[in-house]
């Protein structure tokens with residue numbers, strides 16, 4: 001365990017040195033392809049560094065926070081976009097915190113994106129707010145009850161696996177928000193918005209589930225495909241889900257170090273196609289698409305849980 005922690009600390013130090021390079025080299029280069037090219041050695045490092053940590057938890061956490069999110073944030077930063085591209089120059093501690101931590105900082109561009117996302121599914125629906133202490137208690141109960149999973153109904157076991165994943169991610173991101181808000185006094189956004197109350201797949205993925213990743217993929221993938229390449233909206237949506245699936249597949253590789261089975265990628269491809277169809281149907285049908293949340297909510301959750309049971313969880317459980 002001691003050698004593993006030493007290896008992980010070396011990985012963190014190398015990552016911090018790489019971020020220092022990006023922080024100081026960026027002002028000396030014009031935004032665009034030259035700044036992006038200057039960041040390529042850093043992206044290569046971030047890709048291989050998780051392989052130097054054998055712990056599944058440490059390597060997967062680093063891969064999610066740095067190999068995926070930090071890389072995408074720096075890609076956006078090379079074009080002076082995204083959470084690192086504030087109007088005023090950031091101090092390095094705040095720059096590093098935004099780059100490395102799963103935190104959504106509120107500023108004009110983020111606010112505009114959030115406002116657009118909240119246009120999805122305006123129909124009134126119930127609220128079940130859970131604060132951070134409540135989520136911690138529920139997560140601890142789920143972990144403590146894990147030894148009883150084998151004796152419960154398979155459907156209940158599947159629901160508990162989904163809930164454990166949600167509360168774990170939400171807690172990590174909420175704690176990051178608490179640190180950044182208290183340390184730097186900046187306003188942060190909620191990482192999740194009660195995803196268990198989603199009324200459609202578009203509502204779930206676009207507004208409620210892991211809004212940091214959703215916002216990052218929107219800026220780094222959707223907008224270039226939609227507006228730079230000129231692809232139709234449905235194509236940009238599908239490309240976003242394909243990229244997300246490939247990144248999840250990469251995270252899974254860091255955990256199990258085995259040849260990918262591509263089940264996780266297909267999970268996201270299927271959801272991307274379904275979201276694209278949903279968007280086109282809403283456009284064609286308009287207000288006639290409206291389905292009461294009491295019907296659409298359970299149907300959405302059932303589809304999510306069923307496809308997760310089919311494609312997402314099996315590689316992890318194996």
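Including glycine, each Cβ sits where the backbone N, Cα and C put it.
Curation does not apply to TrEMBL; its annotations are automatic.
Listed features, source TrEMBL:
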TRANSMEM  6-24  transmembrane segment
TRANSMEM  36-53  transmembrane segment
TRANSMEM  65-86  transmembrane segment
TRANSMEM  132-149  transmembrane segment
TRANSMEM  155-180  transmembrane segment
DOMAIN    192-269  domain 'Wax synthase'
TRANSMEM  234-256  transmembrane segment
TRANSMEM  293-313  transmembrane segment
Residue counts (helix, strand, coil, in that order) that DSSP gives for the domain 'Wax synthase' (192-269): 60 helix, 0 strand, 18 coil
Average pLDDT across the domain 'Wax synthase' (192-269), rounded to a whole number: 91
